[in-house]
């Protein structure tokens, strides 16, 4: 099979819920990244074979949002596109599908990633088609129902984090300390400009003025142990998961340009990283956050690596309880994990996050001249994904 490489990796800044990017649809955000990948790599738009983008919240978004992003991003009508929904893993699963297409010879160049605007997810009337003949109708929040609700246990996925905290003995103090560390690492990374190479600025309007958004909006400058300790539990009055030690609701997009190694050589493009292996697993939905343990083990087994060999890891922080449970099971070196902060600080635009962590991983590996990297996420509904990449020595 053909070797698959990444030659471009970009993302938008991550916007707060109803924040700086709220006025831009997921398609608009995704199209900016598609356009920037073409411009920065110099690959002719007509040479792209397919676009694969994850998006979870598609109610009201129009037909095939990935196709919309491709065309709006400057690709010709001849380039096909597909939108996928693997919840939080969508953006990473898109890379897996792209890898398979290239390995099988069905495509030479694919743009893969994810996009999401959680701020614009609509409320829906589920009985409007059949009609409510008498009485009131209830609006359903598609953001929660389609993105954050466990369909099997009929509760918010935050409850699954409480389940993990009890199962693995993760205290409130440990969760808050983890969350504060994520905030501190993210703020230090932003202050040092470590994300600048991966971010595509977004032009937006505010009070009649044009603003350039080029920095992640979510990280807190005022995060403190005392402030985190004052927050009430969000999902269980006697629990430990709070808004401060959980990931947030966000807007953003991320994508990579992938191609066969032979095509990269023919186009004289530098290789940022090689795709080595991918794995997906299923677990009990009530303990969905532990799935990265099994996805990571399967992925490492497929590539023939030991965890200790991996130089850098990006593991999506759905909740501090979840991240700590995974770390406890895998016994990985925390100094190699989410070195610039994770989703608790940076945010979690669900359809984009899988690719966002991969983009950040690639750029940090380049900066550190690291060789082996791992990206992994848990997925609402009881699944997990992992992907390994490698850079040449």
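The chain as shown is numbered from 1 upward.
Each residue, glycine too, has its Cβ placed from N, Cα and C.
Features reported for this protein in Swiss-Prot:
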| type | residues | note |
| --- | --- | --- |
| ACT_SITE | 88 | active site, acyl-thioester intermediate |
| ACT_SITE | 348 | active site, proton acceptor |
| ACT_SITE | 378 | active site, proton acceptor |
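Structure with Swiss-Prot features highlighted.
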| residue | record | CB count, 10 Å |
| --- | --- | --- |
| 88 | active site, acyl-thioester intermediate | 33 |
| 348 | active site, proton acceptor | 28 |
| 378 | active site, proton acceptor | 34 |
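Taking CA atoms as the reference points, residue 348 (active site, proton acceptor) and residue 378 (active site, proton acceptor) are 12 Å apart. Separation of the C-alpha atoms of residue 378 (active site, proton acceptor) and the residue listed as 'active site, acyl-thioester intermediate': 7 Å, rounded to the nearest whole number.
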